[in-house]
Every structure is written in structure tokens, then in C-alpha cells.
Amino acid sequence: MEPEGSTEGQGANLAQSAASKLSQMGERTKQLGNVIQDPERQKRIILVIVCIALLLDNMLYMVIVPIIPDYLEGLQKAADHAHAVAPHTNSTNSTVRKVAEGNFDLQIGVLFASKAIVQLLVNPLSGTFIDRVGYDIPLFIGLNVMFLSTLIFAFAENYATLFLARSMQGLGSAFADTSGIALIADRYTEEKARSKALGIALAFISFGSLVAPPFGGVLYEFAGKRVPFLILACICLIDGVFCLTVLKPFSNKERENMPVGTPIYKLMIDPYIAVVAGALIICNIPLAFLEPTIANWMEETMHSSQWEIGMTWFPAFFPHVLGVYLTVKLAEKYPHLQWFYGAIGMVFIGASSCTVPACKNFGQLMIPLCGICFGIAFVDTALLPTLGFLVDVRHVSVYGSVYAIADISYCVAYALGPVAAGQIVHNLGFVQLNLGMGLANVLYAPALLLLKNVTQMKPSFSERNMLLEDGPTGLYDTIKMEQREKKRKGLCTTIDENGIETFAQRSFSEEESSGGEYA
């Protein structure tokens with residue numbers, strides 16, 4: 001009887017220990033949930049999720065540069081060999097082969113441009129969709145589509161499948177990139193914090209674009225085509241799980257109270273937004289047009305090796321990050337000069353683009369390429385927050401459509417680049433291409449003077465709260481409005497950065513005294 005009693009006692013002890021462990025796990029999960037739901041920490045987690053999504057998108061955009069041309073060339077040689085050993089080899093087969101070789105560069109250009117073209121077509125729709133349903137669901141959709149696209153890239157074995165994967169990436173980017181940038185603008189409503197957060201996101205974009213070619217080239221050479229894409233797919237899957245856990249896109253009730261954003265066509269005809277969009281197009285043209293043409297030029301003029309061609313853009317990452325950092329710091333001290341920082345960036349880009357053809361070796365070439373990326377950092381970091389401010393002041397504070405316009409601006413440059421750059425070099429020459437791009441940037445820089453008075457239009461946060469009396473202008477303003485309805489007569493409620501509701505007596509002297517902070 002004693003063994004049975006001891007067995008029962010051990011079973012009871014095991015049950016108790018299991019129950020205590022489960023309760024401890026439950027408490028830890030609850031504590032983790034509370035940490036995640038803390039508004040300030042949630043903002044940082046959201047920034048990490050968006051930055052990883054932007055990093056993945058730009059790595060997938062550029063990782064194919066050293067992989068796909070060589071891979072397609074190998075497929076072409078295999079097809080040629082199959083034709084050669086076929087029993088009925090004749091002149092027809094050789095003609096087919098010559099046509100394929102003649103169209104090879106065009107095929108590569110169309111494949112590279114297909115992502116930007118699809119993104120360009122989808123962005124107007126995705127911007128409107130984001131404004132209607134919020135930022136979290138489109139971000140989750142975009143991550144899922146990018147995950148599928150990356151898997152298709154890994155296992156694609158012909159041109160048609162690669163083209164499908166590249167086009168799907170454009171579809172995913174139209175949702176993930178736009179909603180991610182808009183989500184940052186929506187959560188970081190304070191001027192300095194928004195500029196800093198968008199600057200961090202731009203640094204991840206730059207890192208993804210510039211580190212991807214060496215990352216893909218090394219793994220492709222030593223581990224095969226699938227490995228770099230499978231690594232990116234795993235990171236994308238992890239980011240999607242984080243998005244599902246933290247943002248809870250399908251259980252968010254806030255979107256029911258979301259205001260109707262300004263239609264995208266109305267934003268496009270806003271003269272201030274149009275000036276910013278034009279600057280984003282012009283400043284990205286040198287990068288978009290040099291990426292598909294500079295390798296051949298280096299081979300012809302410098303007789304560069306493959307490692308030099310592969311490392312062409314990587315050193316430019318560091319001045320790009322430096323440019324982002326300097327712009328954020330300058331914007332903190334002199335926020336009224338955002339237009340000036342953008343103009344300086346365009347002059348840098350123009351001067352650097354004009355000096356590219358004068359370079360005689362790889363070391364010299366690094367200097368103007370670093371100058372181009374340094375200038376792009378200035379333009380992007382100064383003008384992307386300006387788009388958010390323009391929407392706050394002149395329209396409804398819903399950011400999906402306005403950042404869809406920014407994404408469209410990038411896509412115009414990157415859709416034209418792989419298709420048009422080669423033709424321009426063939427017809428006019430590499431020197432004329434660079435001089436034209438540089439001149440366009442220098443001539444457009446004075447147009448940013450039109451943004452000089454934007455800061456005078458920016459209301460302070462106290463003024464923005466007063467405007468809520470006439471109606472909410474954004475997702476979080478809507479929630480604040482509902483919580484203040486009952487207290488309108490003498491007290492107003494606000495929500496501080498820690499998510500705590502506070503009460504303050506509303507007086508015009510207070511508003512006026514704090515209103516000068518952003519003037």
C-alpha cells in the first residue's frame with residue numbers, strides 16, 4: 001500500500017508544480033502584454049517592425065542585382081546547349097537563340113522595373129485602402145505578400161516565375177511600405193520625434209539597398225540561389241508574427257472611429273505636396289539610372305573586376321546615414337529650414353552626378369557616389385516629415401494617401417531607370433546622362449523655396465487640441481475627442497505619452513503661451 005500512496009503523492013506534487021509553472025507563465029505573459037500595450041514602448045516596437053519591413057523590401061529589391069543576370073544567363077546557356085544537342089538542330093534554332101541573346105538586356109531591365117511599375121499602379125489604391133481601414137491590416141497584408149514573393153524567388157527556375165515573384169514584391173511593397181511610413185507618422189505626432197523616427201526608417205532603407213548586393217553575391221556564389229531568399233523569407237515571417245502579436249490588426253476597434261482622409265487626387269493637386277513629390281522624383285533619378293548602367297561603364301572605362309562592381313554602392317551607406325543624422329539634428333535646432341536642407345541635398349546630388357563621368361578608377365568613383373547618397377539622405381529626411389505636417393495643417397490627419405504619393409514618386413524614378421537608362425546611354429552617352437541628371441537636380445532646388453512658409457502654417461499641439469472642438473482630424477484625435485465630449489463645459493481631457501488621462505482647465509492665455517513653441 002505504501003508504494004501506491006507514494007505514487008499518488010508524487011502525482012499530486014507533479015500536478016501542483018505544473019499548475020504553479022502554468023500560473024507563472026500566465027503572469028509573465030500578462031506582464032509582457034502590459035509592457036507591449038504601454039503606449040511609449042509600443043511606439044518603439046512598432047518602429048522596429050516597420051524598419052524591419054522596409055529593410056526586407058529594399059534588400060529583396062537589390063539582392064537580385066548580382067544573382068538574377070548570372071542565373072538567367074546560365075538558364076540561357078542550358079537552353080542553347082539543349083538546342084545544340086537536339087536531333088533536329090537547324091537554322092531556326094540558331095535564330096531563336098540569337099533573338100534571345102539580343103533581348104537579354106531588355107529582359108533584365110523589364111524584370112528589374114516590374115516591381116516599381118506594379119507598385120506605381122497599386123499605390124493610389126493602397127493609399128485609399130489604408131485611409132479607410134487603418135495602418136495595421138495593410139502592413140500585415142504587405143508582409144504576407146512579400147513573404148510569398150521571397151519564397152517564389154527562392155524556388156523559381158524560369159523567367160516567367162521570376163517575373164511573377166518580382167511583380168508580387170511590388171504589390172506587397174505598395175501596402176507594407178506606405179502603411180509602415182504612415183503608421184510612424186500617425187504614432188509620432190510631435191515634430192522632433194517624427195523626424196527622428198522617419199530618419200531611422202530611412203537609415204534602414206539605405207542599409208537594405210546597399211548591403212543587399214554583396215550579401216546576395218557572396219551567398220549566391222558559396223551557397224546557391226535559394227539561400228539568400230530563404231533567409232529573407234524567415235526574417236519576413238518573424239516580422240509578420242511580431243506585427244500580428246503587437247498590433248493585433250484583426251481585433252483593433254479604433255478603426256471604427258477613424259475619420260475619412262482626404263482623397264489622394266486632392267492631395268496630388270495641393271501645390272506644396274506636388275513640390276515635395278517632384279523633389280523626391282528628381283533626387284532619386286541619379287541613383288535609379290546609375291544602378292543599371294554603371295557596371296557596364298566601369299567595365300569599359302576602368303576594366304573593373306567583379307568585386308569592385310559588386311562593392312560600388314556599399315561605401316555610400318555611411319554618408320547616407322551621416323546625412324540622415326545631420327538632417328535630424330539640424331531639424332531639431334532649426335525646424336523652419338527643412339526646405340533649405342532639401343535644397344542643399346539636391347545641389348549635392350547634382351554636383352556629384354556631374355562628376356561621376358570624370359572618375360578614372362574605383363577609388364575616385366566612390367566620392368561622387370557617396371555624395372549622391374549623402375544628398376538623397378538630406379532630401380528624404382527633410383521632406384518626408386514635411387508631407388506629414390502638410391497633411392496635418394491643410395488636410396485631415398490621415399497619412400495613407402500622402403505617403404502613397406511619396407512612394408509613387410520613388411517608383412516613377414525606379415520604374416524608368418532600368419528601362420530608360422540603357423537607351424539614353426546608347427543614344428546619347430553616359431556623360432550626357434549624368435550631366436542631364438545633375439542639371440535637373442540643381443535647377444529644381446530653388447523650387448523648394450515654395451515650402452519656406454510651411455512652418456508658419458504648422459499649429460502647435462495646444463492649437464490642434466482646440467481645433468478638436470470643431471471635429472477630429474486623425475485617428476488618435478478622434479479617440480481624444482470622444483473622451484472629451486462629456487467634459488466640454490469647463491475641463492478638457494488629454495492623453496499624455498504614457499497613456500494616462502489628465503484634466504486641464506482650458507484657457508486662451510495658456511494656448512497662446514504654448515502656441516509660440518513651434519512658430
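Just so you know, glycine gets a Cβ as well, placed from its N, Cα and C.
Unlike curated entries, TrEMBL annotations are predicted automatically.
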Where TrEMBL places region 'Disordered' among the ranges 1-20, 81-100, 461-480: 1-20
The transmembrane segment (340-359) and the transmembrane segment (227-247) contact flag, 3+ Cβ pairs under 8 angstroms: no
Considering the transmembrane segment (396-417), which listed stretch of 137-156, 267-289, 365-384 counts the most C-beta pairs under 8 Å: 267-289
The transmembrane segment (45-68) vs the transmembrane segment (227-247): 3 or more CB pairs under 8 Å: yes
Long-range neighbours of the transmembrane segment (429-451), counting only residues six or more past its ends (CB under 8 A): 271-272, 275-276, 278-279, 282-283, 285-286, 289-290, 293, 297, 338-340, 342-343, 346-347, 349-354, 356-357, 375, 386, 421
Contacting positions for the transmembrane segment (309-328) when only residues 6+ beyond its ends and CB under 8 Å are counted: 66, 195-196, 199-200, 202-203, 206-207, 209-211, 213-214, 217, 291, 294-295, 298-299, 341, 345, 362, 365-366, 369-378, 380-382
